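Here's what Swiss-Prot has on this protein:
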type: BINDING; residues: Tyr66, Tyr71, Gly98, Tyr105, Lys163, Arg280; note: (3R)-3-[(carboxymethyl)amino]butanoate binding site
type: BINDING; residues: Tyr66, Tyr71, Gly98, Tyr105, Lys163, Arg280; note: (3R)-3-{[carboxy(hydroxy)methyl]amino}butanoate binding site
type: BINDING; residues: His102, Asp104, His265; note: Fe(2+) binding site
type: BINDING; residues: His269; note: 2-oxoglutarate binding site
Amino acid sequence: MQIDEQPGNAIGAAVEGFDHATASDADIDALKSTIYTKKIAVLKGQDLSPQQFLALGKRLGRPEAYYEPMYQHPEVTEIFVSSNVPENGKQIGVPKTGKFWHADYQFMPDPFGITLIYPQVIPEKNRGTYFIDMGRAYDRLPEDLKKEISGTYCRHSVRKYFKIRPHDVYRPISEIIEEVERKTPAVVQPTTFTHPMTGETVLYISEGFTVGIEDQDGKPLDEELLKRLFDATGQLDESFEHDNIHLQSFEQGDLLVWDNRSLIHRARHTTTPEPTVSYRVTVHDERKLHDGIQAA
């Protein structure tokens, strides 16, 4: 296995010769260290079945299936499927997922530490995923803004981007919203926390899932504060030219693994009617999102 920093990129590394089936514990430790410090590891030359992809995920931590079944792979439920390509006339997975800034499972009480994405069918145009390193973004905040958010908490919810399921057709929207709030109530996390693997300070907000900010007593703060944070970190830049934004491209055989604690991401969906399919596995590693979350 050879790990090389991606040339010209501030974050990321290319990993050649990685085989999850034969990798030693030292190889796995080196890979995970790269994920935490370089944020994105691109495993090159991968050719895996769904079962093998899950096995790779298990080398890095404990996989968890997505809570809504319509996203799950029909044979391997721990695989989340994003696809606009029907199989035998049947929709497998969900098309155009993640077209907004977010961290995976940010709206849940116990988010994942590591995300793995394995593109299956890659469009010719507009391929890739946008990322923002929220540790680096925090470092770049003005000092007065850092002081303003010190000791605050943010509320995260899936409600804004929840996708209607097949069995929701003809149901009253109020009934669907009530179910969403009951199954996935908003969660509160510190606005910033110390990354347990690197010691860096992470700004844990996303335009997609973060819906409010409050003081340490739970009193809501002005929504304008959140908007200023979104703007300062680059999440409101629709040109995607902000200094904080990194576009990670990929080719057939690439498998992306990234640090879900400090990165937020946004899918770059093709604007042309091209087929696109990707698989995702998300895993819990040795530590919780931050040390303020109690171990189960």
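Quick reminder: no glycine exception, Cβ is built from N, Cα and C everywhere.
What Swiss-Prot annotates, mapped onto the structure for a quick look.
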residue	record	Cβ contacts under 8 Å, 6 or more apart
Tyr66	(3R)-3-[(carboxymethyl)amino]butanoate binding site	Gln72, Phe80, Thr282
Tyr71	(3R)-3-[(carboxymethyl)amino]butanoate binding site	Phe80, Val81, Gly93, Val94, Thr97
Gly98	(3R)-3-[(carboxymethyl)amino]butanoate binding site	Ser82, His265, Arg266, Ala267
His102	Fe(2+) binding site	Tyr161, Ser206, Glu207, Gly208, Phe209, Ile264, His265, Arg266
Asp104	Fe(2+) binding site	Pro111, Phe112, Thr115, Asn260, Arg280, Thr282
Tyr105	(3R)-3-[(carboxymethyl)amino]butanoate binding site	Pro111, Phe112, Asn260, Thr282
Lys163	(3R)-3-[(carboxymethyl)amino]butanoate binding site	Val94, Thr97
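One way to see the shell of the (3R)-3-{[carboxy(hydroxy)methyl]amino}butanoate site is to take the Cβ centroid of Tyr66, Tyr71, Gly98, Tyr105, Lys163, Arg280; the remaining same-chain residues with a Cβ within 8 Å of it are Glu68, Phe80, Ser82, Val94, Thr97, Asp104. Residues Tyr66, Tyr71, Gly98, Tyr105, Lys163, Arg280, recorded as contacting (3R)-3-[(carboxymethyl)amino]butanoate, have a largest CA-CA distance of 18 Å.
Report note: the Fe(2+) site is defined by His102, Asp104, His265, and the residues of the same chain whose CB lies within 8 Å of the CB centroid of those residues, excluding them, are Gly98, Trp101, Ala103, Gln106, Thr115, Ser206, Gly208, Asn260, Leu263, Ile264, Arg266. DSSP assigns Tyr71 ((3R)-3-[(carboxymethyl)amino]butanoate binding site) to a helical segment in the three-state reduction.
Around the Cβ of Arg280 ((3R)-3-[(carboxymethyl)amino]butanoate binding site), 23 further Cβ atoms fall within 10 Å across all displayed protein chains.
Counting Cβ atoms from all protein chains shown, His265 (Fe(2+) binding site) has 25 others lying within 10 Å of its own Cβ. In the three-state DSSP scheme, Asp104 (Fe(2+) binding site) falls into the coil class.
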